[in-house]
Amino acid sequence: MATFGAPATANSNPNKSYEVTPSPADSISSLSFSPRADILVATSWDNQVRCWEISRSGASLASAPKASISHDQPVLCSAWKDDGTTVFSGGCDKQAKMWPLLSGGQPVTVAMHEGPIAAMAWIPGMNLLATGSWDKTLKYWDTRQQNPVHTQQLPDKCYTLSVKHPLMVVGTADRNLIVFNLQNPQTEFKRIQSPLKYQTRCVTAFPDQQGFLVGSIEGRVGVHHLDDSQQSKNFTFKCHRDGNDIYSVNSLNFHPVHGTFATAGSDGAFNFWDKDSKQRLKAMSRCNQPIPCSSFNHDGSIYAYAACYDWSKGAENHNPATAKSSIFLHLPQESEVKAKPRVGATGRK
């Protein structure tokens, strides 16, 4: 309990989530679950890519550290091959590594850019790796070849990308959203100005490939449909705000079974939403640090999220003595993530 006159100490784990150990030594930049098993990969600013095996017995969770690899500089992003055998990672050393995790093989460099690699995705239908960089290019890689299959010029630095074959959405600086139909990957399908007024932080494609979500630094999410006849279904909503304090939306994840989605933000909270009934299903308690990244496991029974300093307030506000980086696992209740009709309303914009 707080002493009278002294501020209460914010809780680092107010949702009583399971903590994965050991924690990375520096801020966590991405979390990716295997599409086939409960194996979690984290990338971090201490140049590391780490892997844990997660096991569950009823409501109890356990984690076992399995392996790790190093980059030469901070690692920013990660992706899994669709068969769950291989992890890809990229970052400030301007290269992407392929790590044959399940076979115990050594990592090899499979992609190079002229600037940091900010985002990546494996494209299952094409057996290609897509990498997006601050060098204003998107590259497609056949991992057996030294040179990219194709280099696509982007209008600005790549910040984020998402693939749900055949749909790919790329978010760049200056609020550009570039949509690709991967059946014709060398041509832009559509270029859209973000429906949000501020810098794009994250995008994720709809599971049915009919559109995408976009999150911005101004505590807002846009729900966007690609078909011109569906534009009336587009809307934006505010989230990750506390009075006049507005926080970045850092991560968007669709639930693999229910089609609802999670947002995570720099306010330290994660929430579950239903875009079709336009309602929040569950608001979780705020951690005392930002949540920069998150991931559902393959069946949506586990939601992983990181809590750590996100550098949004600069180096001068970073206190290494108190800024612990943590990875937590939350077990979503069905009521938190299952879609439900909005009672007595037609939907709120």
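Backbone N, Cα and C atoms are what each Cβ position is placed from, and that goes for glycine too.
Same-chain neighbours of the compositional bias 'Polar residues' (9-21): 2, 40, 52, 54, 61, 63, 65, 268, 284-289, 304-305, 307, 324, 326-330, counting only residues six or more beyond its ends whose CB sits under 8 Å from a CB of the stretch. Annotated compositional bias 'Polar residues' per Swiss-Prot: 9-21, in sequence order.
According to Swiss-Prot, the feature N-acetylalanine maps to Ala2.
Summarising the annotation, Swiss-Prot assigns region 'Disordered' to 1-21.
Positions annotated as repeat 'WD 1' by Swiss-Prot: 23-62. The predicted model assigns the repeat 'WD 1' (23-62) a mean pLDDT of 97.
For the repeat 'WD 2' (70-109), the residues of the chain that approach it from at least six positions outside its boundaries are 26, 29-37, 39, 41-49, 51, 115-122, 124, 129, 131, 133, 135, 141, 143, judged by C-beta separation under 8 angstroms. The feature repeat 'WD 2' is assigned by Swiss-Prot to 70-109, with sequence analysis given as support.
Annotated repeat 'WD 3' per Swiss-Prot: 112-151, in sequence order, evidence recorded as sequence analysis. Within its own chain, the repeat 'WD 3' (112-151) is flanked in space by residues 73, 76-82, 88-96, 98, 157-163, 165-166, 168, 170, 172, 182, 185-186, which lie at least six positions past its ends and keep a Cβ under 8 Å from the stretch.
For 153-190, the entry in Swiss-Prot reads repeat 'WD 4'. Below 8 angstroms of C-beta separation, residues 115, 118-126, 130, 132-138, 140, 196-207, 209, 212, 214, 224, 226 of the same chain, each at least six residues beyond the ends of the repeat 'WD 4' (153-190), sit close to that stretch.
With a cut-off of 8 Å between Cβ atoms, the residues of this chain six or more beyond the repeat 'WD 5' (244-283) that come close are 10, 201-204, 206-208, 213-221, 223, 235, 237, 289-296, 298-300, 303, 305, 307, 310, 312, 330, 332, 335-342, 347-349. According to Swiss-Prot, the feature repeat 'WD 5' maps to 244-283.
In terms of DSSP helix, strand and coil, the motif 'DWD box' (128-144) has 0 helix, 11 strand, 6 coil. Positions annotated as motif 'DWD box' by Swiss-Prot: 128-144.
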